[in-house]
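K.L.:
To start, I am sharing the structure in question, which I have written as structure tokens.
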Amino acid sequence: MSTDVTAKTPAPAPSGKGGGAAGGGLWGLVLEGMRRNMRQYGMLIALGLIVTLFAVWTDGDLLLPRNVSNLVLQNSHILILAIGMMLVIIAGHIDLSVGSLTAFVGALAAVLMVKNDMPWPLAVALCLVIGAVSGAVQGFLIAYGGIPSFIVTLAGMLIFRGLTEIYLEGQTLGPFPEGEQKIGMGFLPEVGPETNYHNLTLLLGLVLIAAVLLQEVRDRKRQKSFSLDVLPRNLFLLKLVAVTAAVLTVTLLLASYKGTPIVLLILGVLVVGYSYVMRNSVFGRHIYAIGGNLPAAKLSGVKDKKVTFAVFLNMGLLAALAGLVVAARLNAASPKAGLNFELEAIASAFIGGASMSGGVGTVLGAIIGGLVLGVLNNGMNLLSVGTDWQQVIKGFALLAAVGFDVWNKRKVGS
Amino acid sequence: MAGPVLEMRSIVKTFPGVKALSDVNLTVRQGEVHAVCGENGAGKSTLMKVLSGVHPHGTYEGEILFEGEVCRFKDIRASEQRGIVIIHQELALVPFLSLAENIFLGNEHAKRGFIDWNETLRHATEVLRRVGLDDHPETRVADIGVGKQQLVEIAKALSKKVKLLILDEPTAALNDEDSGKLLDLILELKKQGITSIVISHKLNEIRRVADSVTILRDGRTIETLDVKDAGTTEDRIISGMVGRDLEHRFPERTPHEPEEGAAPALEIRGWTVHHPIDQHRKVVDDVSLHVRRGEIVGIAGLMGAGRTELAMSVFGRSYGRYADGTVLKDGEEIRTKTVPEAVRHGIAYVTEDRKHYGLNLIDTINRNISLSALGKVARAGVVDEHEERRVAESFRTSMNIKAPTVFEPVSKLSGGNQQKVVLSKWIFTGPDVLILDEPTRGIDVGAKYEIYTVIDRLAAEGKAVVFISSELPELLGMCDRIYTMAAGRLTGEFSRSEASQESLMRQMTKDKEVTR
């Protein structure tokens, strides 16, 4: 995503022995770089390992085009929630209400579209607004009312769950109009000449690769113009090749099935957008500042209450979006939808490098964390592992990820 | 006169990079009240922590003899078993437990793991009566005032069969009436045969309760005086506390010449602030002062004098409950109700506690520097990282911040370099008035000189500087004018030529006469 993750994670200072590692050539440099960004690379490596393991165990079924497509569809809502949750956790809070809010918005969508025949774009917009308002109310109570976020959102969890059941009268409601369905299940349309691949997806993939390469090269140039250390040329090229290969693989996999899911497109926009906001906007900075040291942020003139309020408003908005996506995929709103979503989103954030005390984490980290859980889910499903054991294994994965982080930090600290 | 109950011989205690105690000797006689005094940072609290086992045996050099035996305390419990109990400056009570529960916390009257409430309440009532409290032992600590809480601490000490009671600035958080009661209690306990060590820098208190006083300075014992001796005047004690020679430790400074007619850059009138919890205590009491452009004005005061409280309450009302007063900038009244307002009016406050209030330690140098003025490196809410880096780099050079890159987390920097980052952050906001609160606390001599140079440069650029410090030499070396504060009030104003360590210290220790 970016070349300066180094600036985000408190990395161990380059030791005097770094020169020795560099003497080992390219490989030494790679190791040195990874050692410095243990958290980011650690999780990426773990994700790669899990993917490889399950690919072997399932005789390659995991990486079949159809399954990759499914994987995206099945986990998109958790990834959307994880982005918002990451912001909440960086700000030093927690949100337990998102699962219930997701269900509530799904129910609202169903009542509006199925029962009242409201046109789907209007209903979707209304749902998003209601989600944002719900988040804003909770944010108001937390930021201006001074009630701890754990309490407010625990109450929200109960309230929205209850409202969902009241609203749906205990029934499952469906099916949705086609427009809404597409949000959760649709693919980009087929265009152009008949090939064995989905043309638009291929095009998108190529555009993405071009954009990433351009950005990387420009970043490197600008860094050089500030006479800052940059990656050595050969390592930089290796990185570009790796990124290109990864994007190309996913593109080809998707293109050889039905193409790009619309959810993936939404998700892509969110990831890029939120990463940018967190890295480059004043608002993003202020979130890191209040989570990292609240008194210092206040004395620096950060409007901490406004920021907290906005973070929860945003969480509500994303929860509503996730609600629409889930409802669309299941093509029904059910009173039991969204169970444990909040826990999966929180787990994703922590696996992806968030800290209990706030101030640390990246949007990309939340996505990686969410994918680790998603691949575990999907892989174990393919292997017909029961949901009982799936939970146990996911629990251990969370423990292992955070345990590794704590152990790594302690090593650095000593 | 009775023999010594406690002897501390040649105590040396080193923290990473700092020698807190170098060769301290302290002898306390049986049954006396012994005061220990010295400037902030002289090593008083460290010495008491060594004595009570907070710094365990092995982490310091020298030896401790209590009741004639060599003691090697490995923790605070070990010293308590010998009857040495310390009451820290910050009260160590659990607010939502009852008085009785607090008194026996960690030392419960219990049978097979279950608390014997009858015995607990009986014993609690007994020790509470000894300190003159008639509150019910089941009252919650949160429901009684700070003065009474201090007495509960003493009751807790009594329940541990205390022989030597150590009180670290026991009246720092108390109002006059509660202070008086506390001092009476110390004298009462003396009659019951309990020896006390009282750390204090309030000279009138020392004269009232102490039999002898040991003066520490820069981690050394200077002398031990008999308080009842006619030669032991307040002046005598003060000269012991400050008596060090001024070397060439400050940059050459051309004194500021006030311009005729120009309104002061910052003027504070009748500023009064109440304690955030104890509404009846005025932490800042009717303070009026001013500072002109190009001028460095010092505020001298000991801990608890209200200097920080004054500064923080002016800076966006960040402390206490505002009661009264106005702030004028260049002759016009301004609103400083919130921090952003204060910053917008060109006021900057550099905190005394950089780790808690000044820096986001887990974040990097560049992000810490830009935080207060992000708007300056951002367009339409988007931070220009390259511009931010350029700004940070220019401060790294001009302030001589020693770090490999500006992407280094500030937690990895030394105290002096962290302080330079905090200063950079506030200079970057482009202030007209800088309030510097203990800007050289906890940093080494070389870095101090660099900070002084920066302060001097800021004044030369026409900024108004308020310099809060409890180190008198640096105020004398740097300031054009010095105010003194004690117990929330301004007690004096000195021009550069009038000020001396003795004259300042006299006004800094001028507490209202303690009421009986």
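Any Cβ shown, glycine's included, is placed from N, Cα and C.
Remember, it's a predicted structure, so these values are computed and weren't measured experimentally.
From TrEMBL, for reference:
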type     : residues  : note
TRANSMEM : A:41-58   : transmembrane segment
TRANSMEM : A:78-111  : transmembrane segment
TRANSMEM : A:123-147 : transmembrane segment
TRANSMEM : A:197-214 : transmembrane segment
TRANSMEM : A:235-255 : transmembrane segment
TRANSMEM : A:261-277 : transmembrane segment
TRANSMEM : A:307-330 : transmembrane segment
TRANSMEM : A:350-376 : transmembrane segment
K.L.:
Please identify the stretch among A:41-58, A:261-277, A:307-330 with the greatest number of Cβ pairs below 8 Å relative to the transmembrane segment (A:350-376).
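P.N.:
Stretch with maximum Cβ contacts: A:41-58.
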K.L.:
Counting only CB pairs under 8 A, let me know which of A:78-111, A:123-147, A:235-255 has the most with the transmembrane segment (A:197-214).
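P.N.:
Counting Cβ pairs under 8 Å, the winner is A:235-255.
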K.L.:
Would the transmembrane segment (A:261-277) and the transmembrane segment (A:123-147) count as touching if the test is at least 3 Cβ pairs under 8 Å, pairs 6 or more apart?
P.N.:
no
K.L.:
Using Cβ atoms and a strict cutoff of less than 8 Å, what residues sit near the transmembrane segment (A:123-147) while being 6 or more residues removed from its termini?
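P.N.:
Distant Cβ neighbours of the transmembrane segment (A:123-147) are 93, 95, 97, 101, 104-105, 108-109, 112-113, 153, 156, 160, 180, 183, 304-306, 308-321, 323-324.
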